[in-house]
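Here TrEMBL flags 8-193 as domain 'Thymidylate kinase-like'. Residues annotated as ATP binding site in TrEMBL: Gly10, Val11, Asp12, Gly13, Ala14, Gly15, Lys16, Ser17.
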Amino acid sequence: MKGFFLTLEGVDGAGKSSHIGHLRELCESLGHEVVMTREPGGTPISEALRAMLLKESMHMETETLLMFAARQEHILSVIAPALASGKIVISDRFTDATYAYQGGGRHFPAERIQILENWVQQQLQPDLTILFDVPLEVARERLEKSREQDRFEREGSAFFERVRAAYHARVSADPGRFYTVDSSRPKADITQQLQDLVKTRLAQHAAQG
Ligand code: TMP
């Protein structure tokens, strides 16, 4: 089977991190080699860019370019080689986050994101993207209970409403790639849903060769 690229998305506090470990175990139990990674990050250079992006104030143009610089390094060093050797890559966020946060949240023009996407990714797109979706009040409540907040997490509710709306627009534009999880449901239900989804999608992917 050629590699399978799975990405996880959602506003901060949507609960995606509580399912990542299970997704990995599930894929491994089905006999696949899995590379778990994240964006921004996933390589030493991209992690250094992440530290800067989460901490330092900057213009949104710089922020968007640094997101794609980190992504370029990540694709060339980690994602593309893993997919070429038939592995499953699970990335905690990818380019949909740029459309949602920089595009939706900061009003950075989507056409310019698309230019960078085409340049950096060429044909690479996730095979499946799971969007963890939750009403904003729930996400905010979870965030406020969490550790020290980073530069994005400190944004206000209006910013996160725009991020969430931009994610919904991404789903509407490409419904076949996305699966939306109602993250306010009990964790065990979500785990079961994800298990069924991933098994089905991997079987379809294998059948397509
Ligand atoms: P995380 O908290 O899920 O690890 O993500 C780090 C933050 O970076 C999160 O608040 C979303 C933000 N982000 C963007 O703004 N644009 C992007 O392209 C990516 C990948 C993340």
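Quick reminder: no glycine exception, Cβ is built from N, Cα and C everywhere.
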Other CB atoms within 10 A, centred on Gly10 (ATP binding site): 26
Listed in sequence order, residues with CB under 8 A of Gly13 (ATP binding site) and six or more positions away: Val134, Val138, Ala139, Arg140, Glu141, Arg142, Leu143, Ser146, Glu153
Listed in sequence order, residues with CB under 8 A of Asp12 (ATP binding site) and six or more positions away: Ala139, Leu143, Phe152, Glu153, Phe160
Additional residues surrounding ATP, by Cβ distance to the Gly10, Val11, Asp12, Gly13, Ala14, Gly15, Lys16, Ser17 centre under 8 Å: Phe132, Val134, Ala139, Arg142, Ser183
Overall pLDDT for the domain 'Thymidylate kinase-like' (8-193), taken as the rounded mean: 96
Neighbourhood of ligand 1 - binding-site residues from Gly10, Val11, Asp12, Gly13, Ala14, Gly15 with Cβ under 6 Å: Asp12
Long-range Cβ environment of Val11 (ATP binding site), under 8 Å and at least 6 residues apart: Ala100, Val134, Leu136, Ala139, Phe160, Val163, Arg164, Tyr167
Other C-beta atoms that fall within 10 angstroms of the C-beta of Ser17 (ATP binding site): 14
